[in-house]
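Trainee: Before I ask anything, let me first share the structure, which is written out below as structure tokens.
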Amino acid sequence: MSHGVRRSLPCAALFLLLLALVALRWGPLMSLDAAVSGALHRTAVASPGWTRVSRVLSDWVWDPWAMRALLAVAIGLLVRRGAPLLAVWVGVTALAGTALQQLVKALVGRARPVWPDPVDSAHYAAFPSGHAMSALVAGALLLWLLRLHGAQPRWRWTARVLVALSVLGVGCTRVYLGVHWPSDVLGGWLLGGAVVAGSAGAYAVRARRWPQRSVSAHGRGA
């Protein structure tokens, strides 16, 4: 078993544990979710300026479709660099993550927070957070691609900071805006981490078994 696949196991195990606790409506978790969400919602209602900024960031900058567009650009660049197999790998990983997320949402069917004075709205099931998972999957895949292509350390560190800010930012804004429970966000992060780590690990296994194909899959100038 490759290092990447092994790294996906803790995320997967923690996600399954969290999934069970959410599905069973475990009391301590429900109480913690309600307490954190209530405190942040009161802050959002009392701070309309910050709430407007949070809505722009959450609904536009860090929207799942914005993340998919970012990955689409990366996929296009991979094809242009002569790495169609890697482009397909990234695309399939992103699609598989979205499909898995929607499946879990449908199976769990967790209701979103309901407020008498909402500052934002969202529909469909809450767990796991699609915004949180999409941001993590897109960011982690982009960091993985930078490492595969030997990007300079300063660019990789810059990318890590931007990805970390985006992933944390979107998670915080979803709870702040009252459209997700904190455990929804954590679930999105854990499931997204498991998907990307598993995909990267599987790619590493493939690279060891077929090194020549993997070299060509990285594209020219990698």
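In case you wondered, yes, glycine gets a Cβ from its N, Cα and C as well.
Pasting the feature list from TrEMBL:
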| type | residues | note |
| --- | --- | --- |
| DOMAIN | 83-200 | domain 'Phosphatidic acid phosphatase type 2/haloperoxidase' |
| TRANSMEM | 62-79 | transmembrane segment |
| TRANSMEM | 86-104 | transmembrane segment |
| TRANSMEM | 124-145 | transmembrane segment |
| TRANSMEM | 157-179 | transmembrane segment |
| TRANSMEM | 185-205 | transmembrane segment |
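Describe each of these features in terms of where it is and what it packs against.
Mentor: Secondary structure of the domain 'Phosphatidic acid phosphatase type 2/haloperoxidase' (83-200) per DSSP (helix as H, G, I; strand as E, B; remaining residues coil): 87 helix, 0 strand, 31 coil.
The list of residues near the transmembrane segment (86-104) in space but at least 6 beyond its ends in sequence, with Cβ under 8 angstroms from a Cβ of it, reads 19, 64, 68, 71, 74-76, 78-79, 127-128, 130, 133-134, 137-138, 141, 145, 148, 187-188, 191-192, 195-196, 199, 203, 217-219.
Tertiary neighbourhood of the transmembrane segment (124-145): same-chain residues 15, 19, 22, 58, 62-64, 67-68, 70-71, 74, 78, 86, 90, 93-94, 97-98, 101, 104-106, 108-113, 156, 159-160, 162-164, 166-167, 170-171, 174, 179-181, 183-193, 195-197, 200, selected by CB-CB distance under 8 Å and a gap of 6+ residues from either end.
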Trainee: Can you tell me which parts of the same chain pack against the transmembrane segment (62-79), counting only residues 6+ beyond its ends and a CB-CB cutoff under 8 A?
Mentor: 86-87, 90-91, 94, 98, 130-131, 134-135, 137-138, 141-142, 145, 166, 169-170, 173, 219
Trainee: Taking only the residues in the domain 'Phosphatidic acid phosphatase type 2/haloperoxidase' (83-200), give me the average pLDDT of this model.
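Mentor: In the predicted model, the domain 'Phosphatidic acid phosphatase type 2/haloperoxidase' (83-200) has a mean pLDDT of 96.
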